[in-house]
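Below is one structure, written out as structure tokens; comments come after it.
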Amino acid sequence: MADVTVKQLAQVVGIPVERLLNQLQEAGLSFTDDQQTVNEEQKRILLNHLKGSSNRDISAAPERITLRRKSMSQVTVGHDMHSGKTVNIEVRKKKTFIKRSAIPEQAEVEEPVVPPVVEEPAHEEITVVSEVSADTSELKETEEHPVIEPVAALDETVKEEEKINSEENTAESQDELTHANTDVIENLVDVVEEAIPVSKKEEVKPEKVSKKKHLEQTDSDISEFKKGKKKPKYHTFEHDEEEQELHRRGGRSKFKKKKGTEKSDKYREAEETLTHGFALPTAPIVREVLIPETITVAELAKRMSVKAAEVIKVMMSLGAMATINQVIDQETSVIVVEEMGHKPVIIKEDAVETGLGEAISKGTKTEGRAPVVTIMGHVDHGKTSLLDYIRRTKVAAGEAGGITQHIGAYHVSTPKGDITFLDTPGHAAFTAMRARGAQATDIVILIVAADDGVKPQTIEAIQHAKAAKVPIIVAINKMDKPDADPERVMNELSVQEVIPEAWGGDTMFVNISAKSGMGIDDLLDAILLQSEVLELKAVTDGAAKGVVIESRLDKGRGPVATVLVQSGTLHKGDILLAGFQYGRVRALVSDNGDLVDSAGPSIPVEVLGLSAIPHAGDEAVVVPDEKKAREVALFRQGRFRDVKLARRQKTTIEGIMENMTATESKVLNIVLKADVQGSLEAISDALTKLSTDEVKVEVISSGVGGITESDVHLAIASNAILIGFNVRADGTAKRLAEQESVSIHYYSVIYDIVDQIKGALTGMLAPQFKEEIVGIAEVRDVFKSPKIGAIAGCMVIEGVVKRNNPIRVLRSNVVIYEGTLESLRRFKDDVLEVRQGFECGIGVKNYNDVKPGDLIEVFETVEIKRDL
């Protein structure tokens, strides 16, 4: 090669110029500039210098390098990937690299004594350890498991090979150079491969037979595995050149076999024992399939442990088409389950509720309890005054005014016994409790003003009490007034079938005055006497059961529910289920505001700790655990949601038509509230007179006073219009009406109510239609059009012919076709209408049999407005 500059030489070698200059200076050559020329002699000196430094690096390298690696994996052993057992596999690999100069020293080391292999019983989880001792020589293989020969040494004798292998094991215990640099290892591999010449004869002779056998065995295994005849007995993680050794976790493996020998009988037995397989069941598996009222095809297939496609096939064979997400009924599910050979078990809708009743612990100890009294009556008849007087006079000393005003129930102790009063202004709570079947009230006190007599709400209270089959005690209030007339009250109540005992009936009448306190003690005595007749008793030692009187959301304490315990004892810390809500009782507050630890029958308490606010009238019960409470609460919420969605249609005057069907008699329900009784009767009579044979007006509820929550509930349940005459709805009723999308109509003039209801009834009448002929055209000639078909050339002889109107084709005054006028042209121009005396071309939609002389009659359908 010709002389080159330092820069050109650096480009040829592929290193930076600065590095080449440093190497030239280290070699003893004086080069300082990249433009200096380098001759052949200087290149040779540089090359010898670089080779010398490389040899020094190699001689300074360690004589032995051992590399260890460990990897973890999992293997599924069994018939398939789903039913097999997963075992953990640990693969240990070791590679030892030895310099040539170290071999003679290792040959002098004696061979260590190898302890015998101890076989241990199999465990569920095994660890696979592959100790790999590899050199440049090829590896020896056997038929089943690869076993690697020791490292080949420079000497050509087998003894020296074994000594070298022993020395490797000894060096392994010393853990020399475990974390060697990977680049150095690769360089040393190249050096060792060049430095260790191995005789071809000795390299090939011991491996020809075993390697050939192994290849034949491997080929046969692969062919059988591809054909599906044979499963692989183990997973291979490395090449066949590596030694693999199976170990049990915590002990030696029973799979380890001696080198150069065949598998022993014990090894074969152990392998057969550990071979996982799947045995087909000898008899079909019959399952009990739980079937609710509705279930999807996918869920039904899952419960039978089959694929959804199988269920769909069975349903198709039975003549029913279904998709995987389709909901099928209980009867269809039973037929499908029986067809597939399983046993159906029908689940009832209230199975969760039934299970709740079974889970509640029943008590055995019964004791007498205090009566629960509800005071009802008409507005301004003294109900609140009576409650205030009893509260003021019967509260224990030092607790005057200590009754919590929000609780809605309180307990009164008298010398003759205890009484629990429910403060239920109006009838909303009582109605809700009776509707939910919660018979919380034992006695009803009916308050009637002696100077006012029986009023509509008084009659309503009597109806509620009779429907609940609760005894009534009549308290004639305001006896201190000069115009008090108790005889008039008794006469009016006898009309409602409330007969006093003095007249031979079974109802006690007590004359009282809530203002002066006259007759209050007699009223309490009558209550206790009536309770003795009823023989009220309750279980005291079982799980508590009661009813929610009212509930509210307290800003500082969260949901607070007033619960009247009916049986059992409610303790602090119990799991309470109340309607849709549940929770652990965090605190119990009595009616006078004190914290208590428990509450027995007929005792009202405030409960803190529920998840949300329950409804008034909900049943409250103590359940054994929170899981059961959550299950029942979620079930009730789902059922309530379904019912709510089922009646999702709104109640408005505009939507009445949507709720009516042609086959049903059309009735307009009205809930009416007015300010005075006279106006109420006048409006009711005027609306009732609007009824005809086709539509009727039915006032399902009417009363004097403001619109309450119970009125809104009644309007929702009966699909009625809520009308208020000179009255307004309270806050609770407004919120409920907005929540349920019920419109409340306010009026101040009676005639406005009559006109509005008359318009609603008019809209409910069945519509009537009339056909009016607007024009007649006579066909003079027929033309053919490639786009439309037959075109009738006509003369309008009467009226106006309009496009897109319905038409009739008459031939000899007989209707032969009825359709729509599709095309209307005059002098090739599309027109909307053609009047009498003009010619036009008419195209009839989907009809081509038009002939000269036919008449085309154009008409319109007009709806006739109906009035009452």
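Backbone N, Cα and C define each Cβ position, glycine as well.
In Swiss-Prot, the region 'G1' annotation falls on 377-384 of the listed ranges 361-368, 377-384, 481-488. Among the ranges 281-284, 477-480, 597-600, 693-696, the one that Swiss-Prot lists as region 'G4' is 477-480. Counting same-chain residues at least six beyond the ends of the region 'G1' (377-384), those with a Cβ under 8 angstroms from any Cβ of the stretch are 425, 446-449, 452, 455-458, 461, 477-478, 514-515, 704-705.
Beyond the region 'G4' (477-480), the same-chain residues lying 6 or more positions past its ends with a Cβ under 8 Å from any Cβ of the stretch are 377, 381-382, 385-386, 447-452, 486, 511-516, 518-519.
Residues belonging to the region 'G2' (402-406) score a mean pLDDT of 37 in the model.
When Cβ atoms from all protein chains are considered, those within 10 Å of Lys383 (GTP binding site) total 24, not counting its own.
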